[in-house]
Amino acid sequence: MELFGFCPYRFKRSIWFHTVSVGEVIAARPLINNFVKRHPKLNIIVTTTTTTGALEAQKIKGITHIFAPLDSSLALGIFTSRVKPSHLFIMETELWPNMLDICHRHKVNVTVFNARMPEKTCLKYERFKWLVKDLIARKISMVIAQTPDDAQRFERIGINKDRIFVANSLKYDLVPNDDLFKESYMFKKAHDNYFVIGAISTHDGEEEQILEVFLSLYDMYPHLRLVLVPRHKSGVDRAIAFLDEVNTRYVRRSQAHKFTELFTESVIIGDTMGEIELYLGLCNIVFMGGSLVDIGGHNPLEPAYFSLPVITGPYYYNFKMQFEDMIDARAAYLANDEKRLYVLLENFINDTELCTRTGLKALDVQEKGRGAIAKTLELFEVALKK
């Protein structure tokens, strides 16, 4: 019933945070935790659209989680009449026209935070700028952008310059699960004779490419292991089908009850949820998925936090600033195709000191980028006064 706006809660006034996927919730969680501490008496709602996002949101103390209603005027009208938000804080790019319209009608102040706008999206909006300005731009009170380029694109679609601010990406301020990482890292340290390549958040079309590169390297370097963590269950199925076809044995994390079972085969399939830090703890180097195919890449700051060197494919536009910062600092490397990926991985396999140096540079980039939470919270206080 929550999808249709019939949430089981009624408030006289509330503050509404809208995040969508599990990744957005994880990135926003430290910020929302700090906001709750600053405003312990406010009714704070966090909406998500996915079950995995909901599970992460429910870990935040002092908030009420509700599944986001459908982007329809009826559902959103019922929802807002029940929870009566005075302010809506939208994470990143979720600019739902009906949501913005209902908030505008009910005089709900709308702030988009950690906001990003890829050039592709901006160009699409610009084709219908007159419509976008009416449906979206004039209904947003404040934009807290990740980068000056993002800020400029929001201005290009019709949002007034004096309503746009830059605070960097919240993902630089991420706080991963150190305990989960340490658990697997200590095991890896005790088995340091293995060189472990991580392929994290891979998408359709990548699993096969990565496995082909890995198996070619494995023929020459039998001490290699691959931790392959597809973004979706379908990726697990694709990887297993490929490995069966080429008669290569593998271990599924879900079926390995002890760490010692993981390295019994050359390929470890990461088929469990919520264990990214555990997988990273096993790795010497990480390839970030969604970048050899046109998805836009995934967050390189997670492996950077743990001093791991990163390789990306050419499609990293969703994390353009982070990847370019890291590539400029020689903390990440670009592989335009399978051949280049093979060469880069072989370089790191043969030079463990290069791995260490690159990983430390990655950590340095991540640490220097911190500060977005503090700046965003300051701007939230400005928004709350409106």
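A Cβ is built for glycine as well, from the same backbone N, Cα and C atoms used for every other residue.
Database features (TrEMBL):
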DOMAIN    4-173  domain '3-deoxy-D-manno-octulosonic-acid transferase N-terminal'
ACT_SITE  Glu24  active site, proton acceptor
SITE      Glu92  site 'Transition state stabilizer'
SITE      Lys171  site 'Transition state stabilizer'
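The structure, with features from TrEMBL marked on it.
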residue: Glu24; record: active site, proton acceptor; DSSP (3 states): helix
residue: Glu92; record: site 'Transition state stabilizer'; DSSP (3 states): coil
residue: Lys171; record: site 'Transition state stabilizer'; DSSP (3 states): helix
Cβ packing number for Glu92 (site 'Transition state stabilizer'), 10 Å threshold: 23
Number of other Cβ atoms within 10 Å of the Cβ of Lys171 (site 'Transition state stabilizer') across all protein chains: 23
For Glu24 (active site, proton acceptor), the number of other Cβ atoms found within 10 Å of its own Cβ: 23
Cα distance (Å, whole number) from Lys171 (site 'Transition state stabilizer') to Glu92 (site 'Transition state stabilizer'): 11
